């Protein structure tokens with residue numbers, strides 16, 4: 001239908017172009033006029049009949065011309081034909097059900113686009129938030145469940161290990177039989193815990209090494225291997241701040257506002273201490289309060305995330321010897337050689353540290369804290385991470401705390417959902433081939449690649465029109481955009497059984513021993529991390545597994561990654577109008593692409609190296625442009641609590657830039673392919689549909705507790721403001737919805753970076 005409509009339009013234009021001399025009306029009718037003066041005849045010589053006929057003919061002619069003109073204008077400006085296919089009717093129904101058309105789109109587009117969806121979708125039991133991402137993840141979970149529970153002879157060893165892990169998790173009978181025994185034995189093996197029994201008093205360094213490497217906890221600080229930001233072809237050890245049990249330092253420091261959470265956290269700590277064999281509850285509570293006070297001391301020296309956005313300022317490369325001087329409470333060479341064994345670490349080993357002041361202060365804190373408390377704190381980190389692998393009593397304790405922390409209503413979620421999530425989280429690449437074969441069409445990579453190419457072209461077109469950027473920086477920015485590498489669906493190695501098995505060769509899953517399997521995985525994953533230290537970074541090493549409903553940009557690799565899990569509806573559907581696909585996956589692509597040029601990504605060059613490649617004039621101009629967004633988003637609030645416009649700046653830049661690039665790409669597509677059919681009954685143009693599709697991707701609901709947590713931890717703005725903030729900055733949105741200047745969705749002062 002679309003191509004037929006396009007050909008019809010061209011045919012009509014060809015007809016007009018082929019006409020001969022004379023005035024041409026929009027319908028192609030030619031009317032020739034002879035010279036009036038040379039052919040006129042005196043009115044007085046006409047008979048009455050002639051005069052009456054002439055007047056009548058003149059009136060008829062005038063009426064005919066008026067009718068033809070009106071018909072011509074209507075014909076010329078008619079809307080595209082309506083799509084009445086089953087797919088179009090279905091997507092129209094979904095859109096209508098999500099909308100609240102009684103809301104003025106120029107007043108509150110989020111409520112206009114999502115009001116119906118929000119009314120029909122209260123936060124489900126067992127969840128603290130719900131939206132399009134959640135719905136798609138539930139769909140993916142059901143697929144993974146089926147795949148894990150139905151063995152086939154063709155699966156690889158890695159896939160079989162994922163199935164064994166999942167089935168051990170599902171064996172609740174065995175888990176209930178073991179109760180707390182697996183963790184209690186582990187604590188005893190580590191030298192004990194004063195909360196539940198005697199402990200080894202001179203074991204600080206050994207305990208720290210074991211809980212860091214074998215069990216992937218991060219008390220005091222985190223240690224990991226990643227590409228060196230200033231030499232992206234080389235991996236290097238990183239040391240950074242860490243160690244809080246709650247999601248943000250704000251929970252500890254704003255005690256009045258977060259009193260309910262702090263009390264709930266302490267009660268949770270006490271409950272776990274009791275379940276693990278602690279005796280007197282008052283004694284347990286007293287020691288757990290000391291741990292909480294120690295975490296509060298850590299929170300006091302922890303740097304807020306909004307002050308860590310400029311990596312040029314916080315990046316410091318030191319040697320192991322210099323690190324020893326910086327933070328002497330840890331014997332760094334023995335520590336590093338133990339956790340990275342068999343890799344040898346000497347005093348000249350380069351180490352990247354962020355927030356040198358934090359490491360200095362945490363070293364002082366360790367040296368001035370009682371050894372019993374330090375051990376209690378380290379073991380608490382282990383308990384907090386591993387208790388979910390134990391029996392139902394621990395699950396109940398988790399749920400009770402989650403209700404306080406996130407407002408999650410207590411519910412008996414099916415066990416399989418927990419087990420699918422944990423298996424995917426730990427062995428997602430192992431089960432990846434099953435998921436890809438079941439869900440990912442062969443041509444999906446090509447389709448996604450075409451969309452990325454169109455978005456990238458549109459972004460570069462916008463780049464060429466920026467007035468605040470100098471020409472040299474613009475040229476380098478275009479080179480960086482051209483160099484961005486696309487990773488779609490899955491890393492190639494997972495589809496080769498031999499390569500996949502090689503990756504998981506050193507991991508063994510044991511039937512019916514869930515806790516043991518989880519502990520083995522933590523140890524295995526650290527060994528994989530340690531092995532990367534002397535290897536070059538690898539593009540095939542993804543930070544997200546194939547089923548994940550998400551996407552990301554890697555600055556050191558200068559690549560954008562789109563797992564298979566995010567490519568279905570509502571982000572992309574083959575049968576949907578292009579307006580919806582560009583508003584869905586198109587904006588997602590544009591968002592990740594723009595991250596290469598947000599306040600953090602812009603500091604990396606086309607090769608993924610952190611260096612000052614912008615001219616100072618453009619750096620200053622960029623900062624001025626971004627301050628507008630900081631102020632804009634800081635004026636938004638949820639339940640009276642403001643959005644942190646500084647902390648969310650990078651994501652806000654990406655949201656705005658992604659929307660702009662996707663809209664421009666859609667316009668380019670229409671110019672090339674012709675107008676699409678419209679959807680029935682909506683009364684919307686396809687340009688309006690593009691913006692509506694974008695907004696409905698972000699329809700979501702959250703509990704008040706979850707909203708509070710998001711405001712102080714999430715670098716993304718709340719969904720409502722991801723929609724309102726981006727659209728109110730879009731001139732094209734205001735034009736298509738005819739929003740009056742000065743209305744909420746069309747403010748006179750708009751922010752724009754890219």
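Just so you know, glycine gets a Cβ as well, placed from its N, Cα and C.
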Item to complete: Check Swiss-Prot: it lists 591, 595 as binding Zn(2+). Then name which of 516, 531, 651, 676 it lists for that same site.
Response: 651
Worksheet item: Pick from 32-52, 53-73, 74-94: which stretch is listed in Swiss-Prot under transmembrane segment?
Response: 53-73
Worksheet item: Quick one: what's DSSP say for residue 591 (Zn(2+) binding site), helix, strand or coil?
Response: helix
Worksheet entry | Averaged pLDDT, computed only over the residues in the topological domain 'Cytoplasmic' (1-52) | 31
Item to complete: Looking only at C-alpha atoms, tell me how far residue 595 (Zn(2+) binding site) is from residue 419 (disulfide bond), rounded to the nearest Å.
Response: 33
Discussion item. If I take the Cα of residue 88 (disulfide bond) as reference, which of the recorded positions 150, 419, 523, 591, 635 has the closest Cα?
Written reply: 591
Worksheet item: Taking only the recorded positions 83, 346, 635, 651, 699, which one has a CA atom nearest to the CA atom of residue 592 (active site)?
Response: 651
Item to complete: May I have the list of same-chain residues other than 591, 595, 651 whose Cβ is within 8 Å of the Cβ centroid of the recorded Zn(2+) site, in sequence order?
Response: 553, 592, 594, 598, 650, 653, 654, 655, 657, 658
Discussion item. If you count other C-beta atoms within 10 angstroms, which of the glycosylation sites 150, 346, 367, 523 is the most crowded?
Written reply: 523
Worksheet entry | Alpha-carbon spacing, residue 83 (disulfide bond) to residue 655 (active site, proton donor), which is rounded to whole Å | 30
Worksheet item: Can you tell which of the recorded positions 591, 651, 655 lies nearest to residue 346 (N-linked glycosylation site) in space, using Cα positions?
Response: 651
Worksheet item: Looking at Cβ-Cβ distances, which residues of the chain lie under 8 angstroms from residue 171 (N-linked glycosylation site) while being 6 or more apart from it?
Response: 512, 514
